[in-house]
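Here is what TrEMBL says about this protein:
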{"type": "SITE", "residues": "Arg16", "note": "site 'Transition state stabilizer'"}
{"type": "SITE", "residues": "Lys23", "note": "site 'Transition state stabilizer'"}
{"type": "SITE", "residues": "Arg156", "note": "site 'Positions MEP for the nucleophilic attack'"}
{"type": "SITE", "residues": "Lys212", "note": "site 'Positions MEP for the nucleophilic attack'"}
Amino acid sequence: MGKVIAIVPAAGSGSRMGSTVKKQYLQLVDKPVIMHTLAALEQCPEIDGIVIVVGPGEVALCQEMIDQGNALSKIMAVVPGGDHRQTSVYNGLCALPQDTELVLIHDGARPLIRPEEIAEVIRVTREIGAAALAVPLKDTIKVVDERGIVMATPRRETLWAVQTPQVFRFSLIMQAHRRALDTGMLATDDCALIEALGSPVQLVAGSYENLKITTPEDLVLAEAFIKRRKN
Ligand SMILES: Nc1ccn([C@@H]2O[C@H](COP(=O)(O)OP(=O)(O)OP(=O)(O)O)[C@@H](O)[C@H]2O)c(=O)n1
Ligand SMILES: C[C@](O)(CO)[C@H](O)COP(=O)(O)O
């Protein structure tokens, strides 16, 4: 069997957080957000290596942070990202070794992922080729026009909020990204690129705790979840 390598896109600007320090480097209880994320990936026995994608000017800073947090032995490379999440992931894909079998993509800004959830998505990907963690939506969703007038109310039972990790066979995700480059498709997650190929993506029920740190209130929630886990 080939290797399972994680790509951690962490090159975003965090505009919705509105803080001077980028959200992936903000302190969350005992360490920066990104270090929580890396620790969970490190602890998952199914993962063989980790490639981190950071802002073009942050490679040295990130490398230094990793060297200081000396419990991280799986980091293979820190590479510069691009203007969009999709470009950052593609840069990570281009840095993977040839013997990679499965690629696991996990947002640097999702620090509450659990090693056992990661392992389950990997297990399902071995059967299907593409899988992602997700949760059923709790709210009723409205589709609106540009004035905010409601156009439709989709049936909630059909709606899931997709998270990361998203895991793919290496050849499949490479094909999907290259096709997106050719067609100019830009998506906010990697599953959408697989869907565009017409290939199946299996969702795996995850946890509402695996939130993405996006706006300031997410930090309050994440801190509460971490403290509850410590107790
Ligand atoms: N050019 C980009 C944009 C995003 N990301 C990463 O993709 C993940 C999810 O993106 P998001 O939460 O949207 O992060 P930002 O783009 O940083 O946030 P915002 O949209 O608020 O600016 C984050 O770990 C982020 O660092 C990335 O690697 N490269
Ligand atoms: C990939 C993702 O985490 C799935 O929820 C998300 O789409 C990435 O960030 P964004 O906030 O949607 O741009």
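Backbone N, Cα and C define each Cβ position, glycine as well.
For ligand 2, the neighbouring recorded sites among Arg16, Lys23, Arg156, Lys212 are Lys212, by Cβ distance under 6 Å. A separation of roughly 9 Å, to the nearest angstrom, links the Cα atoms of Arg16 (site 'Transition state stabilizer') and Lys23 (site 'Transition state stabilizer'). Here the recorded sites are Arg16, Lys23, Arg156, Lys212, and the one ringed by the most other CB atoms within 10 angstroms is Lys23. Note: the CA-CA distance between Lys23 (site 'Transition state stabilizer') and Lys212 (site 'Positions MEP for the nucleophilic attack') rounds to 10 Å.
Spacing of Lys212 (site 'Positions MEP for the nucleophilic attack') relative to Arg156 (site 'Positions MEP for the nucleophilic attack') is 21 Å (Cα to Cα, whole number).
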